[in-house]
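Per TrEMBL, these features apply:
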type: SIGNAL; residues: 1-25; note: signal peptide
type: DOMAIN; residues: 49-162; note: domain 'DOMON'
type: DOMAIN; residues: 173-369; note: domain 'Cytochrome b561'
type: BINDING; residues: HIS209, HIS245, HIS278, HIS314; note: heme b binding site
type: TRANSMEM; residues: 210-228; note: transmembrane segment
type: TRANSMEM; residues: 281-298; note: transmembrane segment
type: TRANSMEM; residues: 310-330; note: transmembrane segment
type: TRANSMEM; residues: 345-369; note: transmembrane segment
Amino acid sequence: MDKSLTTTLLFSFFLLISLSVSSLAQSCSSNSSFSRNRIYSACNDLSQLSCSLHWNYHQSNMTADIAFRKTGASTSNWIAWALNPTGGRMAGSQALVAYQQSNGTMRVYTAQVGATGSMPPAALSFEVPSISAEIVGGDMIIFATLQLSTSLVSTNQVWQEGPLSGEAPVQHPLNAENRQSVGTVNFVSGSVTSTGAATTPKDRRRNVHGVLNAVSWGILMPVGIIIARYLKVFKSAGPAWFYLHAICQTSGYAVGVAGWATGIKLGSDSPGITYDTHRKLGITIFALGTLQVLALLLRPKPDHKYRLYWNIYHHTIGYTTVILSIVNIFEGFDVLDREKNWRKAYIGVLIFLGAVAVVLEAVTWLIVIKRKKTASSDKHVNGVNGYGSRVQQTA
C-alpha cells in the first residue's frame, strides 16, 4: 500500500511541475464557451487588456457573427471593439460598446468614435443586424452580426476598456496597454495581428522573469517542502524522499537565481520606475534562499547535539522563504497587470498543492498513529512473554 501510494504521489508532483509553465498562459480556444450554445470557428487572443475575438464568417453574404470577450471585466468599466478602415486608432472607428448599468442590466450599442474619444450612440457605416451583450463569470461579452463590405473583410481593429461616470463612458486610460490595443483582422483567413503592440525585448524579459520566479520560488520550493514533510513517513520511499527534496530545492534555487538576475537587469534598464515592495521582497527572498543553500554545508549528523537547532533553523527559513515568495509572486502579477490569466493559473496551482498537503497530512497522521498502536501492542506482547520466560527460568 505504501509503495503504490508513494508512486502515485511522486507522479502527481512531477506532472504538476511539467504542466505549470504551460498552464500560466491560456488561449482563447480554452475559453470558448458561450451562452445559447454559440460556437465560433475562428478565435484569436488579442495582445492587450485580456481580450479575445471569436467569429464565424459567411462568404455567401459577407456577414460575420462575432463575440468580443473581455476576461476579468469590471462592472464599473465599459468595453468596446471597433473596426477602422481609415487607420489603427480609436478615433474615427466604427465601434460596438457595452457596459453594465446600475440596475444590473447590460447596455450595448453602436457608436462612431469622435476625435476626442466620445462615443455617443450612432449608426455605423455598415449594418449591424443584431447586437447584444452579457456578463458571465466575470467576463463581459459583446455579440454582434456585421454586414461587411469588401474593404472591411480585412481591416484594422481596435479594442478598449475605460471607466464609467454615472451611466456614461468616459475617456479610457492612456497607459501603454490601452495605447497598444490595436491591430488587424482578416475574417476570411482567420488571422489577427497586433500592429500596435510589438513585443519589445523588455517585455520578453519581464515575462521570462515572471515565469522563472513563479516556477522556482512559487512551485518547486513548495513541492520540495511537501516531499520532505510527508514522503519520509512512507517506508517504501526510503532515502529517495531526501534526494527528491534536495533536487527540488536546488533546482528551485538555481532557476530562482536566474529569475532574480533578470529582475536586476530589468531594474537597471528602467530608470525612474520602481516597484518598492516587489524589489525589497525579492532581495529578502534571495538572501534567505542563499542562507538555506549555505546551511546545507553545515548540516550536522542526525545524532549531533546541535542537529535539533539546525532543524529549527532550516524549517523556519524554508517556510518563511516560501510564504514570502508566494506574496511576492502576486506582487509581480500586479506589475504585469495585463497577465490576469497567469494569476488565475497560479492560484489553481496553489489550490492543488494545498489540497495535496491536506490529504497527505491526514494520511501521514493515520500512518503514524497506526504505527504507534502497533509498536505499543508489540511492546505489551514482548513484555508478557519476557515475564513468563523469567518465571520458568526461576522455577
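Cβ atoms here come from the backbone N, Cα and C positions, even for glycine.
In terms of C-beta pairs under 8 Å, the stretch of 281-298, 310-330, 345-369 lying closest in packing to the transmembrane segment (210-228) is 310-330.
For the transmembrane segment (310-330), same-chain residues at least 6 beyond its ends with a Cβ under 8 Å from one of its own Cβ atoms are 213-214, 217-218, 221-222, 225, 278, 281-282, 284-285, 288-289, 291-292, 295, 298-300, 343, 346, 350. Listed binding-site residues: HIS209, HIS245, HIS278, HIS314; maximum Cβ neighbour count within 10 Å falls on HIS209.
Look at the domain 'DOMON' (49-162): DSSP puts its residues at 3 helix, 63 strand, 48 coil.
For the heme b site, whose annotated binding residues are HIS209, HIS245, HIS278, HIS314, the maximal Cα to Cα separation is 27 Å.
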